[in-house]
Amino acid sequence: MDIILGVVMFTLIVLALVLVILFAKSKLVPTGDITISVNDDPSLAIVTQPGGKLLSALAGAGVFVSSACGGGGSCGQCRVKVKSGGGDILPTELDHITKGEAREGERLACQVAMKTDMDIELPEEIFGVKKWECTVISNDNKATFIKELKLQIPDGESVPFRAGGYIQIEAPAHHVKYADYDIPEEYREDWEKFNLFRYESKVNEETIRAYSMANYPEEHGIIMLNVRIATPPPNNPDVPPGIMSSYIWSLKEGDKCTISGPFGEFFAKDTDAEMVFVGGGAGMAPMRSHIFDQLKRLHSKRKMSFWYGARSKREMFYVEDFDMLQAENDNFVWHCALSDPLPEDNWDGYTGFIHNVLYENYLRDHEAPEDCEYYMCGPPMMNAAVIGMLKDLGVEDENILLDDFGG
């Protein structure tokens with residue numbers, strides 16, 4: 001009898017707890033539809049279910065806000081202005097938003113929970129962002145760890161981007177084995193040296209990342225990206241490799257790939273100032289886009305130079321492109337510096353790190369380096385070194401433009 005009574009009491013306690021939870025849920029979790037008012041325009045209003053994040057609700061309604069980290073709160077790009085209904089700003093957002101901006105309603109859409117009706121404000125250019133399913137034209141190695149992914153836009157469509165802009169690319173859940181990569185013989189030495197073929201990328205959910213475009217607006221119907229494979233660092237070889245780069249490197253001719261865009265803010269200023277471009281690694285992409293746009297589309301007569309840093313001759317690419325532009329335009333010159341040239345390179349050009357080469361061979365004797373505009377994109381250490389050098393020369397922040405892809 002005691003056992004039966006104990007079972008009955010336990011069951012009653014469990015039922016009571018369930019009822020308490022259900023009651024609390026009914027009070028704390030909103031039910032029914034909620035409305036997101038956008039830019040005070042009734043035609044843009046979004047009706048959705050509560051729960052989830054604002055970024056996802058906007059995407060579900062076909063409004064694609066830039067989010068290079070895929071909604072993780074780390075990139076700080078998905079800024080919107082929440083005028084009401086967003087709740088208190090979270091500590092994760094304050095890493096990217098100042099207290100003053102927070103008072104004005106600035107929020108990260110990926111961190112705003114959908115609990116009640118909301119009134120938000122979005123930049124008008126957001127409504128020009130679209131999504132396309134593209135076809136892979138080619139995906140070739142341009143350097144040991146860099147591929148050029150070339151995508152075909154669907155017939156009759158176009159991506160109305162500006163030079164220096166970027167798109168977001170989607171990777172589905174996947175299992176990629178590096179051993180299946182087709183690495184050309186000239187690049188295999190380092191892959192085998194660092195035992196990279198042992199890696200695999202196993203991902204169970206969709207991922208979104210941002211990449212700057214290497215093509216310029218008059219290269220119609222295509223999107224070109226320079227993608228560096230994100231392998232684990234040598235001092236920590238057991239961490240997982242990069243999700244998106246692993247997926248992109250697995251793509252083959254004819255495969256389908258979903259992108260959205262265009263996005264961007266790394267645009268050239270409309271001035272007559274001298275332009276100095278500084279790049280390294282996959283930071284080549286926006287450099288190529290900008291320089292081609294200035295010289296081929298705009299026929300700019302501004303004085304400009306391009307300084308690119310590579311490890312060895314094997315890591316140089318688009319050489320023929322820039323040689324052609326230099327031959328055709330008296331106002332453009334370009335230089336490459338190798339930090340670790342190989343004996344077989346027979347290199348007689350600049351050597352060392354690109355910030356030192358730029359300073360020693362040009363800016364040190366420049367009559368007014370502070371008057372130039374500097375456009376740069378490369379690995380974080382390169383960016384920091386170049387910016388430090390420019391600051392020492394008295395260059396103001398407004399003349400230093402950085403496409404900071406974080407690596």
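Cβ coordinates come from backbone N, Cα and C, glycine included.
The annotation transmembrane segment is assigned in Swiss-Prot to 3-23. Positions annotated as domain '2Fe-2S ferredoxin-type' by Swiss-Prot, on the basis of sequence analysis: 32-126. What Swiss-Prot records for Cys69, Cys75, Cys78, Cys110 is [2Fe-2S] cluster binding site, and it gives sequence analysis as the kind of evidence. Marked as domain 'FAD-binding FR-type' by Swiss-Prot on the basis of sequence analysis: 129-269. Residues or ranges marked as region 'Catalytic' in Swiss-Prot: 272-389.
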Within a 10 Å radius of its Cβ, which of these binding-site residues (Cys75, Cys110) has the fewest neighbouring Cβ atoms? Cys75
Quick one: average pLDDT across the domain 'FAD-binding FR-type' (129-269), no decimals. 95
For the domain 'FAD-binding FR-type' (129-269), what does DSSP give as the number of helix, strand and coil residues? 23 helix, 57 strand, 61 coil
